[in-house]
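One structure is given here, and the rest of the page talks about it.
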């Protein structure tokens, strides 16, 4: 490490052909290392990866950027992460709050089960066309504006749901869900960006896993609370009173969190937390054109495209399982609405444990492909058990198999985000994560609509068996992915450069 009284600054000269590291200044000293000496110093750094060269050299002629390689990790990073988690939580709660009491919603509003499914499907449908403008806003305006938009949309959706409580106002409920679904665009792919902006390289995967907690906790509460608060009454008005009470709670919490974001949340720290973030900060502010080129570079990355499909299939199956859970459980265990919610809770709580475990494993080992493939294999085994144990007619067994499936299936979420960030560095994390989420929404729509039809016509075995077959395809597509960890190499190479310059100064 450089002593406190010294501040090493590198000036990178960018050209369309080759990057040349410029001078090094030691603040407070008269010695200046010239370009020729510096090149000789850097010759000692072995095999600088081309991915790092691209990070050090945005292809933009006659542009020069200076960056201080001074980094700092701030204690308040945890406050920012917790605020994000809570906002994400309230949004995710609204995604599942109708579907988990599907039978009661159909009774109150007088609509079909497939119509109620759209209170969940609208989150998937809205995300796909809005992902590109949403990600560009994130990249252009930063975390604070993005989180404000997410918190505001979530609050607006919650209060709209309050106004939907009347048997003839299901369309208002869909409007509220659509508002919350739009807000989701500013939250769902932001976890890796919060982690990268505020956390150092040894904590970034764990922080991303904690960020994903927001969604998981919200879904868990969405499974648990609606069946407890909304009971099956003979009179529709009684069901309406229960719904109104639940909606008021969600709207009040959302409003409080919106005020917290306005007062407390910060866009970024004064100094970046890692050398990779220093380099990423040197990129010019994105324009629609440069953002388009960034997306183009990502979607022409073969390894990322394979991950895009494997992630989409895995998470799409999870979305379908969650949306159809009430209907599947009641098909085998009539009258068990509350246990359907508890099974969903079990799935997500186990998934939270998986997220933490796999995030720590990535931080310690950096074995991204190996971890991804291992998770997929266990997802296949646990999904097979979940599919066939319904035939045993023992709900306790279903709790166990559902929990194991959730441990691996939702534990995959932060692994996919972090693997994508590694494969696509130095492109913005929010872009790679956003495309992953768009893939998940796309497959989620397909699996939910197809699964609902199969469930109604052929039963849960065919429905869940079809999803198991899709997961097998996802596992097969994981095998050809090459683990090019570009972000890790950027951190390592810049650190080597700094050490080489320091050693050359000490031993001229």
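Backbone N, Cα and C define each Cβ position, glycine as well.
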Annotated stretch (transmembrane segment, per TrEMBL) among the listed ranges 57-77, 78-98: 78-98
Listed range which TrEMBL flags as transmembrane segment, given the options 178-199, 266-287, 486-507: 178-199
Stretch of maximal Cβ-Cβ contact with the transmembrane segment (304-322) [cut-off: under 8 Å; candidates 245-265, 395-415, 461-481]: 461-481
Annotated stretches the transmembrane segment (435-455) and the transmembrane segment (118-138) touching (3 or more Cβ pairs under 8 Å): yes
For the transmembrane segment (178-199), distant same-chain residues with Cβ under 8 A (at least six beyond the ends): 73-74, 77, 80-81, 84, 87-88, 91, 94-95, 122-123, 125-127, 130-131, 134-135, 137-138, 143, 146-147, 149-154, 156-158, 160, 205-208, 211-212, 214-215, 268-269, 272-274, 276-277, 280, 414, 417-418, 420-421, 428-430, 432-434, 436-437
